[in-house]
Structure formats: structure tokens, C-alpha cells
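Participant: For reference, Swiss-Prot lists these features for the protein:
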BINDING   S11, W12, H32, R33, K106, A141, R257, V281, E283  NADPH binding site
BINDING   K106, G137, S139, K193, D246, S256, R257, N258  sn-glycerol 3-phosphate binding site
ACT_SITE  K193  active site, proton acceptor
Amino acid sequence: MTKVSILGAGSWGTALALVLADNQYDVCIWGHREELIQQINEHHENKDYLPGVKLSENVRATTDLEAAVADVKTIIVAVPTKAIREVLAQAVSFINQKAIFVHVSKGIEPDTLLRISEMMKEEIPAELREDIVVLSGPSHAEEVGLRHPTTVTVSADSSIESAQAIQDMFMNQNFRVYTNPDMIGVEIGGALKNVIALAAGITDGLGYGDNAKAALITRGLAEIARLGTKMGGNPLTFSGLTGIGDLIVTCTSVHSRNWRAGNMLGKGFKLDEVLEEMGMVVEGVRTTKAAYQLSKKFDVKMPITEALHKVLFDGEKVETAVESLMARVKTHEMEDLVNTFENQMK
């Protein structure tokens, strides 16, 4: 069997290991916690992050990074955004041939405002990169682990052939994979939906009901599309799986860490209390800071993102943030389209 390595022993990395094992790949999961790795190998289950999901015999785990990445042509990067640079910096010294690197995280680096593929280019020497591919879409690990029907998108930095190779690698009767040439749009949609999911959780925590959440999801998508398009993404991408698809599932499901975190904020918990209680990475918090900075850099109106930024980092009450959003100056719903049309008519 062909060997594939997954860097990251969390819920998503483990779920993807199950998909690849079902497709008859020899899967090696790398993680840094000795007790977790031992548990996966002994019980064929990740009880910490994906309990109840049994892994097949062709999935093994290791803390030895060299053993994980040496002689491997496909490396899945499934660690949180903040850990990607550190893990790749360690891994590159052990990689001995060109490989396709597939990242499955969703975020933006706050300090540099780089997308994940851009971060990876800085850490992986060109002579070791066959290509960089992103896999994204509405895909809770818990449901993938149960082999429920799931559909995602892959996009490659350099060639459609790389995207198609990863499509072939993952696709089976339970896990459908599309390709999309718009890597910028795919990455931005996947990252920014976490910001809107935090806000959606807040509205639920406040008990505001379906009307408020429907409006927030819709206007949140408008913010994502505005920024993503300004950064070079294709507007159509945001109407697809990595745009509205991922946004819906993350804003409405109890499986969503970002929704759960927002829900606690809406119920009055402080951010520090929320993060401690969650015990898992909540990407939307860091991404909110990055998205706010990007909105200023590209001069894009993102009122929901700005309001959430005030709640998370300036201590504003969630009720005050909602009041500010509702009191904004009246405007046309399709403001961007109207402005574009008017400019074309001049």
C-alpha cells in the first residue's frame, strides 16, 4: 500500500486517516503527545478527539517526525494554524523527496496576514514541494468518522493535476471531492466562516432566534465574499462548498467549536473562560483579528467582523455590539453590485 502521512492527531486528522485507510492507503499519523499516540496504536481509536470511531489496522501513529515524513510523497498538514510553521520547520529536515503537501486547516496568520498556503511556501523549500493543495468544505470530523456522506473541495497552488491526484486519493462512496482552481477563494472562505460562526453562536447564546441568525449568516457571507474577491478570489467560489456550504454547517451545528465558543460568549462567559472550557483550538478567535486587519488593509466594509473584534479584544458587551450593528446607516442590500453597475454605466 502507498504510504500517506498526516501531521496532527486531532479530530480532523484522525477522521481523514479513516477515509484514506478505507481507500487502502497505509496511513501514519504523527502527534507529539506520547500517551495519545500509544492510545491510537493500542486501541485503534482516538478517544481524546474522535471517540467511538474505530480505525483500521492500516492506520498507525508515531511521535517520530522523521519516521512519519521520510519516503512519503503525500503529506497532510492537519495541525492548528498557529502550529504550522513550527511543525513544518522541524519536518523539512527529514523530508527526502518532493511531496504534495495538503493542508486541511482553516485560518489566517494574524502577524503576517498570510493564507496558510503562503505560510507553507515560506517554510517548505521549493525543491521539496511538488505542490501545495488545500482541502476544505463543510466537513465535521465527527460525521466523517461515522462515514456519513460528506463533500469537500480541493484546490492546488500550481497545477490542476495535483488537485486531481488528491481528489482521487480521498474520494469514495462516503467522501465526495470536487476540484476548484480558485485557491485564494477556497482558503479565504474556509478561514472567515469561523469568524461568522462565532457571531452566530453569540446570537444563539443571546436567544435571538432564527431571524437574527439567518440575517447574520447572509450578511456574513457578503463580508466574506467582499474581502475574498478584493484579495483575488473568484466571487463564484463563495456560493460553493467552501463558501456558503462551510458557513451553513459551521454556524448551525453543535459540532462546531466556533459556534460553541460564540454560544458561551452570548451567555455571558469571558473569552478566557470559553477557551479554557473548550480545551481545543478555536480558530475563529485568531482569524477575527486577522480578518479585521485585512478589512483595513483592503478597505473593505466588514461590520460583523468589526463588531466581533470589539467583543473579543476590546471588552465590548455582546448586546452593545448587536445594537451597533442594527443601528448602522441604512443602505442598499446589494450595495456592492449597485456600485459596480453604476461605475460601469459612467
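Including glycine, each Cβ sits where the backbone N, Cα and C put it.
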Participant: Give me the non-local Cβ neighbours of K106 (NADPH binding site): same chain, 6+ apart in sequence, Cβ-Cβ under 8 Å, ordered along the sequence.
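Facilitator: Sequence-distant Cβ neighbours: T81, I116, S136, E187, G190, A191, K193, N194, E283, T287.
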Participant: Measure from the CA atom of H32 (NADPH binding site) to the CA atom of S256 (sn-glycerol 3-phosphate binding site) and give the result in Å, rounded to a whole number.
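Facilitator: For S256 (sn-glycerol 3-phosphate binding site) versus H32 (NADPH binding site), the Cα atoms are 24 Å apart.
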Participant: To the nearest whole angstrom, state the Cα distance for the pair D246 (sn-glycerol 3-phosphate binding site) and S11 (NADPH binding site).
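Facilitator: Given the Cα positions, D246 (sn-glycerol 3-phosphate binding site) is 17 Å from S11 (NADPH binding site).
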Participant: Roughly how many Å separate the Cα of H32 (NADPH binding site) from that of G137 (sn-glycerol 3-phosphate binding site), to the nearest whole number?
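Facilitator: Distance between the two Cα atoms comes out at 27 Å.
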Participant: If we check Cα distances from S11 (NADPH binding site), which of the binding-site residues G137, S139, N258 wins as closest?
Facilitator: S139
Participant: Name the residue among the binding-site residues H32, K193, R257 whose Cβ has the smallest number of other Cβ atoms within 10 Å.
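Facilitator: Looking at the binding-site residues H32, K193, R257, the Cβ with the fewest others within 10 Å is that of H32.
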Participant: I need the most crowded of these binding-site residues: D246, E283. Count other C-beta atoms within 10 angstroms of each C-beta and give me the top one.
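Facilitator: Result of the Cβ crowding comparison: D246.
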Participant: If you measure every Cα to Cα distance among S11, W12, H32, R33, K106, A141, R257, V281, E283, the residues said to bind NADPH, what is the biggest one in Å?
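Facilitator: Comparing all Cα pairs, the maximum is 22 Å.
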Participant: About how far apart, in whole Å, are the alpha carbons (Cα) of G137 (sn-glycerol 3-phosphate binding site) and R257 (NADPH binding site)?
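Facilitator: Roughly 15 Å, rounded to the nearest whole number.
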Participant: Let me check the 10 A CB neighbour count of N258 (sn-glycerol 3-phosphate binding site). How many other CB atoms are there?
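Facilitator: Its Cβ has 26 other Cβ atoms within 10 Å.
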Participant: By a simple count, how many Cβ atoms lie within 10 Å of the Cβ of G137 (sn-glycerol 3-phosphate binding site), its own Cβ left out?
Facilitator: 24
Participant: List, in sequence order, the same-chain residues at least six positions removed whose CB sits under 8 Å from that of S139 (sn-glycerol 3-phosphate binding site)?
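Facilitator: Listed in sequence order: T150, T151, V152, D246, V249.
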